[in-house]
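Structure first, then comments.
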Amino acid sequence: MSNSVPSSVRGKLTPDAPLAPLVWFKSGGTADWLFEPRDVADLQDFLAGLAPEVPVMALGLGSNLIVRDGGVPGVVIRLGKAFAKVAKVDEVTLDCGGGASGILVSSTARDNGIAGLEFLRSIPGTVGGFVRMNGGAYGREVKDVLVDCDVVIRSGEIVTLPLSELGYTYRHSNLTDGSIVVAARFRGHPGNPEAIQAEMDRISAAREASQPLRSKTGGSTFKNPDGGKAWELVDKAGCRGLQIGGAQVSEKHTNFLINTGTATSAEIEGLGEEVRRRVKASSGVDLEWEIKRIGRP
């Protein structure tokens, strides 16, 4: 496949790159190629020169993701420090790089007296990831605060898409495979930095109390069904603490799967499927994965 991948890049291009260290579950195989572009132009040039049949996907902080043990075909693109900047645009708007974390976005908003973005602190990922999936927490979603975003599409062209063109639904957008969110603008409203910090502290405490944050986990495993909570259905089906190999349903929060130490991705995904089977038998509900599963078994 090396002939299909441009070799003249300014960023870092790594063949057969281990992905387990880069994802929260700490499991899974390698990427055929891992590309960490120097800047937006480097990413554009790379995608423009990449054979069109080669699959492309973006990797942020590696939460919300199972990388299967057989590895990921094609190119995995990881946005580094050059894409992690956050800057104030006006009194209520921030311009955020696709590699910036939710914590950085919410903290910058606080420092500039911009309220309404506190919930982004609790999303364990980067701007590129939570813009793509309409990430949310504590009653708010990206669609509530997004103005527009810059996307490098598979051909290497960069386009700016307003909120109205993203087709947002619950944890979903219509962004095409292979398109990379490199920047986004978020709008809040004027607020007091101390009050903003207090709300961020409240959210942090709620997460700490209810979620297994010190574990190797992928975050929320299943989408909440209409009118219900995934964790309640998992609990009702008797899955709290259920284990397959090194993979376990968290005792603390049943919508979280954890790697207890040496789990394979096959064990983690298999546990998720067993939970889905038991919930279907118990409640008649087909739970839908929120965690993305990628690669070869």
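Cβ atoms are placed via backbone N, Cα and C, with glycine included.
DSSP assigns Arg171 (active site) to coil, not to a helix or a strand. Listed in sequence order, the residues of the same chain lying 6 or more apart from Arg171 (active site) and placing their CB within less than 8 Å of its CB are Met133, Asn134, Gly135, Gly136, Lys223, Glu290. Sequence annotations record features per position, and here Swiss-Prot assigns active site to Arg171 (among others) based on sequence analysis.
According to Swiss-Prot, the active site, proton donor annotation covers Ser220, on the basis of sequence analysis. Sequence-distant neighbours of Ser220 (active site, proton donor): residues of the same chain at least 6 apart with a C-beta under 8 Å from its C-beta are Asn64, Ala230, Asn255, Phe256, Glu290, Ile291. For the recorded site, Ser220 (active site, proton donor), the DSSP three-state label reads strand.
A 10 Å cutoff on Cβ-Cβ distances gives Glu290 (active site) a total of 19 other Cβ atoms nearby, all chains included. What Swiss-Prot lists as active site is Glu290 (among others), and the listing cites sequence analysis.
Among the features that Swiss-Prot reports, domain 'FAD-binding PCMH-type' is placed at 26-191.
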